[in-house]
Amino acid sequence: MINLNGVQFSYNTFTFELDLQIPAQQKVAIIGASGAGKSTLLNLIAGFALPQQGEIWLNGENHSQTQPYERPVSILFQENNLFTHLTVAENMALGLKPSLKLTALEQQRVQQVASAVGLQGFLNQLPTQLSGGQKQRVALARCLLRDKPILLLDEPFSALDPDLRAEMLHLLLQLCDEKKLTLLIVTHQVNELQQKMDRMIRFEHGRMSESTILKDNFNEKQTAL
């Protein structure tokens, strides 16, 4: 569950203000023009930006001023941030331990997640040997290995072609269902997501201008603000 209560954040001439409640396991698409506040929302939830007013509650705990590593959140950006000198398995394992000194059980988890995202045959390869879609699978696997209940994605598949985007989105939604994750995804591909999300939120000028329930699984109503 995500609750933002009276959150305010300002940077230069930009002001972000928001009250927002997202139930656990809801899948939400965040849309709007560039500079509308979409990435600011993710940064506030992840802890890369701190609110100047208001509170941020994540899974029942106040995380308004906690550090990113303390939050029940994983985040995936468009840039997959893979280390080119590490193998696929090692890049994935960073989600468990930065030291890469894994126990036998942790190594088994890497194998399991690799299988879930279709990378079991690529674990010993370097990122330079992978396609764009495969690199994003590695980055997604690393997020899943962190085993956090909230997953944030900022334009994660926009650099991929439409077929690969559809494939990655199908995989993502399947894994979210299996792991019972709460998902927020920033996107410009509105048509590709509209039938697959539970909710769509539009931002304009640092404020939520519209919240539309696409699948009424959470007993909410459509709201235009």
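Just so you know, glycine gets a Cβ as well, placed from its N, Cα and C.
Per Swiss-Prot, the feature domain 'ABC transporter' maps to 2-225; the stated evidence is sequence analysis. Feature annotation from Swiss-Prot assigns ATP binding site to Gly32, Ala33, Ser34, Gly35, Ala36, Gly37, Lys38, Ser39; the stated evidence is sequence analysis.
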Cβ-centroid neighbourhood (8 Å) of the ATP site, Gly32, Ala33, Ser34, Gly35, Ala36, Gly37, Lys38, Ser39 excluded:
Thr40, Phe203
Can you name the residues of this chain that are 6 or more positions from Ala36 (ATP binding site) yet have a C-beta less than 8 Å from its C-beta?
Phe203, Glu204, His205, Gly206
To see if you understand the setup: which same-chain residues, six or more apart in sequence, place their Cβ under 8 Å from that of Gly35 (ATP binding site)?
Phe14
Kindly assign Ser39 (ATP binding site) to one of the three DSSP-derived states: helix, strand or coil.
helix
Most Cβ neighbours within 10 Å: which of the binding-site residues Ser34, Ser39 is it?
Ser39
Please give me the CB contact count at 10 A for Lys38 (ATP binding site), counting all chains in the structure.
23
On the three-state reduction of DSSP, what should I expect for Ala33 (ATP binding site)?
coil
Among the binding-site residues listed here, Gly32, Gly37, whose Cβ has the fewest other Cβ atoms inside 10 Å?
Gly32
